[in-house]
Amino acid sequence: MKTNLLNYDLQGLTRHFADMGEKPFRAKQVMRWMHQSGAQNFNEMTDLAKSLRHKLNEQAGIEIPKLMMSQKSSDGTRKWLLDVGTGNGVETVFIPESDRGTLCISSQVGCALECTFCSTGRQGFNRNLTAAEIIGQLWWANKAMGVTPKNERVISNVVMMGMGEPMANFDNVVTALSIMLDDHGYGLSRRRVTVSTSGMVPQMDRLRDVMPVALAVSLHASNDEVRNQIVPLNKKYPLKELMAACQRYLVKAPRDFITFEYVMLDGINDKAQHARELIELVTDVPCKFNLIPFNPFPNSGYERSSNENIRVFRDILQQAGFVVTVRKTRGDDIDAACGQLAGQVQDKTRRQQKWQQILIGQQG
C-alpha cells in the first residue's frame, strides 16, 4: 500500500525521505509543492530529479478526500461535503468576510461527545479523521476556490470548529496544525488558527505544551447543573477544573485571552442570572465571549433565545468590562451554521438509533 504523504508534517516527511535515502531538503520541496502549489501528482514537481519522481510514484501518493457535494449560500458562505470512505462524509465551511476568510474544519466523522444542542452530536460517531483528511480540507478549499497559497491567500484564518471534538483526535490534529503553521506548508499565524474544545482538560494542557494556538472553549453554561445537562463532558471535567486549565493555557498561548463560545438557548441558559454567574465564573480568566444564537435543526428540542434576551445578556457582560460579540448567523440556508454540521456518518455508537426511537415515542 502506498504511503499518503499528506499525513506527514515537515518533521515526519523529513524522516520519510531519510528512510528513502534522500536528503532533508527534498522534504521541504515536496511539502511546498503539495501545500503551497496544490500539486497532487509527483510529475508536476519539476525541480525533483526524474529518478526521485519515479521512486515517489512507485512508493507514495497524495491522496485527497473526494468531493461529494458543494453548496454556496446566499451570503457567500460555501460548504463542501468530502468523502472519507466507507459511506462517511465530513463537512468543511468557508466564511468570507471583508477583512478575512475563515475556514471551519472537521476533525472527526461525527462526534463522540453528546452535546444535546448540536446536530453533529446527534449523528453519532464513526472514527477520527487522519491528518491527511484534516489538512486535505484546507487543501481542497483552496483548490475549489481556484487559488494556491503560494500566489494568493484567500483563507487567512482556520478554526477547528467543524464536526468532532479536536482534542479527542489529538495527535492527528496536532500534525495538521503543524502543517498549517509551517512556512513550507500554509504559513498561517498561530494567532489565526483556533482550536475549539468542549473542555478536555488533559489535552488542553498537552496542546499548550506542543502546539499553542488560539483556544476557544465551548462553554454554553454558567454553572455545573446546566452544563452537565447540555455538555455531558462537564461531568468528567467540571467548570472549576476547566477554568483552571484555561488559566494554565494562557501561559503559552499566542493570544492573551480565551474565547468562550456560548450558544443561546431559550429558557435554558439565557437569563440575566446566567450572565451574572458567568461574570463570577471567569473572574480569573482573561477572556472574551462569543454569543451564538441557536441554529435550529429538525427535532432538536431547543429554541433560539429572543433577540431581547440576547441583548440583555450581552449588555450585562459588556457592562462588567468584557468584550462580547454576537455571532452573525452565516450559511444557515445550506445548514452550514454553527451546530448544524451533520455530514454523513455511519454511526458506530447507536446514537442515531436512540434519537430515532425517542422521536418515534414522542410522536406516538
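Every residue gets a Cβ built from N, Cα and C, even glycine.
Following the DSSP three-state reduction, the secondary structure of E91 (active site, proton acceptor) is strand. The annotation active site, proton acceptor is assigned in Swiss-Prot to E91 on the grounds of sequence analysis.
Per Swiss-Prot, the feature domain 'Radical SAM core' maps to 97-333.
Cβ neighbour count for C104 (disulfide bond): 27 (other Cβ atoms within 10 Å of its Cβ, all protein chains included). Under the heading disulfide bond, Swiss-Prot lists C104-C338, citing sequence analysis as support.
If you look up Swiss-Prot, you'll see C111, C115, C118 marked as [4Fe-4S] cluster binding site, on the strength of sequence analysis. Counting only same-chain residues at least 6 apart in sequence, those with a Cβ under 8 Å from the Cβ of C115 ([4Fe-4S] cluster binding site) are G121, S198, S218, H220, I230, V231, P232, L233.
The number of other CB atoms found within 10 A of the CB of S196 (S-adenosyl-L-methionine binding site), across every protein chain shown, is 20. The feature S-adenosyl-L-methionine binding site is assigned by Swiss-Prot to G164, E165, S196, S218, L219, H220, N295.
According to Swiss-Prot, the feature active site, S-methylcysteine intermediate maps to C338, an assignment based on sequence analysis.
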In sequence order, the recorded positions (E91, C111, C118, G164, E165) whose C-alpha falls within 10 A of C104 (disulfide bond): E91
Using Cα positions only, nearest of the recorded positions to N295 (S-adenosyl-L-methionine binding site) (E91, C111, C118): C118
Which recorded positions sit within 10 Å of E165 (S-adenosyl-L-methionine binding site) - Cα, from E91, C111, C118: C111
Per-region confidence, the domain 'Radical SAM core' (97-333) (mean pLDDT, whole number): 93
